[in-house]
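Trainee: The structure's right below; bear with me while I get my questions together.
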Amino acid sequence: MATGQVLFHRFYCKKSFARFHVKKVAASCVWLASKLEESPRKARQVIIVFHRMECRRENLPVEHLDLYSKKYVDLKMELSRTERHILKEMGFICHVEHPHKFISNYLATLETPPELRQEAWNLANDSLRTTLCVRFKSEVVACGVVYAAARRFQVPLPENPPWWKAFDAEKSGIDEVCRVLAHLYSLPKAQYTPVCKDGDSFTFSNKSIESKSQSTPKDIPQSSPLADADTAVPKGATGEADIESVGGALVKQIDKLRESKKSDDESKSAATDGTRDEHTQKSKSDRKMETSGDIRRDRERDRDRDRDRERDRDRDRDRERDRERDRTKSRDRDRGRDSDKEREREETERDKLKDRHRSRERSKETGHSEKSKHHSSRDRDYHGSSYSSREKDRHRHH
């Protein structure tokens with residue numbers, strides 16, 4: 001509760017009541033505070049509670065809020081949209097420090113009676129209805145609440161040295177807190193006055209506005225002339241002549257009231273007829289505008305869908321082209337590898353064939369050389385032997 005109120009005051013320090021609806025902002029602050037204080041609630045729960053509270057305060061029949069209706073969907077969208085506005089205005093800095101956690105420590109150090117604690121706690125809760133949580137630190141508000149509770153129960157507090165200096169507070173801030181609280185308790189009961197331009201109710205219903213507009217003109221003419229009559233009667237007057245004059249004045253005022261009521265009823269009937277005609281004309285024109293707007297929206301949606309489909313088709317085509325390119329590249333690579341392998345094989349076979357031819361030629365050459373050597377040795381032996389025998393014969397003849 002306290003965190004939601006602080007967020008509410010911080011938001012409206014920057015924004016206007018006429019631009020952002022109070023009830024919607026209050027619901028969004030409660031929803032956001034439940035998350036910040038680690039006790040989260042669903043949007044459905046917050047919407048149902050605020051809807052029921054408004055129906056009670058506006059004296060409307062409490063209707064069940066259908067969770068599958070367009071009304072609930074609009075409320076949920078508005079709740080989340082307002083929460084985004086709050087977070088954006090705060091810069092997502094939602095840390096909140098309350099004066100409640102300082103009250104018990106301050107009262108324990110000051111050694112005050114236990115009755116003072118509940119009174120100070122109640123004053124701290126009521127201070128959240130004002131802008132003290134935005135204007136002062138939580139320590140200063142806690143000191144002001146303790147001081148006001150002590151003055152109410154006539155409990156003396158140490159002033160030599162001053163007790164508020166021990167809690168990092170100043171006397172001027174404490175006096176301002178007490179003054180604001182005193183002014184708050186002097187005000188009458190608060191009443192809601194719609195100032196937002198968008199809508200005057202949380203549930204987007206105009207029943208409360210119509211009931212108010214019908215009830216106010218009836219109450220005003222009945223109360224104001226009687227009040228004038230009461231003020232016209234002298235308080236200290238005595239005597240029969242004064243009483244008769246007062247009675248005659250009252251009769252005349254009653255007759256005037258009856259005539260004014262008749263004229264008001266006639267004007268109301270004429271105004272209601274005119275407003276009905278205007279309302280029917282406006283409803284027809286609004287329906288035409290809504291239908292034309294719906295047709296335009298449908299056309300735009302169809303165009304967007306066609307564009308998205310074309311984009312998806314182009315993307316699929318590009319992907320298929322890339323895949324085909326990758327496949328052709330892989331095939332070329334595989335073919336190149338196969339051709340390289342075949343070339344290597346052919347080269348190796350050629351080298352083997354060349355080696356074989358070379359070995360054969362070498363073997364042939366070695367065979368011829370050996371044959372030639374053998375023949376030459378034979379020739380040498382034959383010629384040598386023949387020469388020696390001839391010389392021997394010659395020597396014998398001599």
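For all residues, glycine too, the Cβ spot is worked out from N, Cα and C.
What TrEMBL lists as domain 'Cyclin-like' is 1-88, 101-186. Residues or ranges marked as compositional bias 'Polar residues' in TrEMBL: 208-225. Residues or ranges marked as region 'Disordered' by TrEMBL: 208-241, 257-398. Among the features that TrEMBL reports, compositional bias 'Basic and acidic residues' is placed at 257-354.
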Trainee: For the domain 'Cyclin-like' (101-186), how many residues does DSSP put in helix, in strand and in coil?
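Mentor: Its residues fall into 64 helix, 2 strand, 20 coil.
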Trainee: How does the model score the domain 'Cyclin-like' (101-186) in terms of mean pLDDT?
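Mentor: Residues in the domain 'Cyclin-like' (101-186) carry a mean pLDDT of 90 in this prediction.
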Trainee: Give me the DSSP three-state residue breakdown of the domain 'Cyclin-like' (1-88), ordered helix, strand, coil.
Mentor: 60 helix, 0 strand, 28 coil
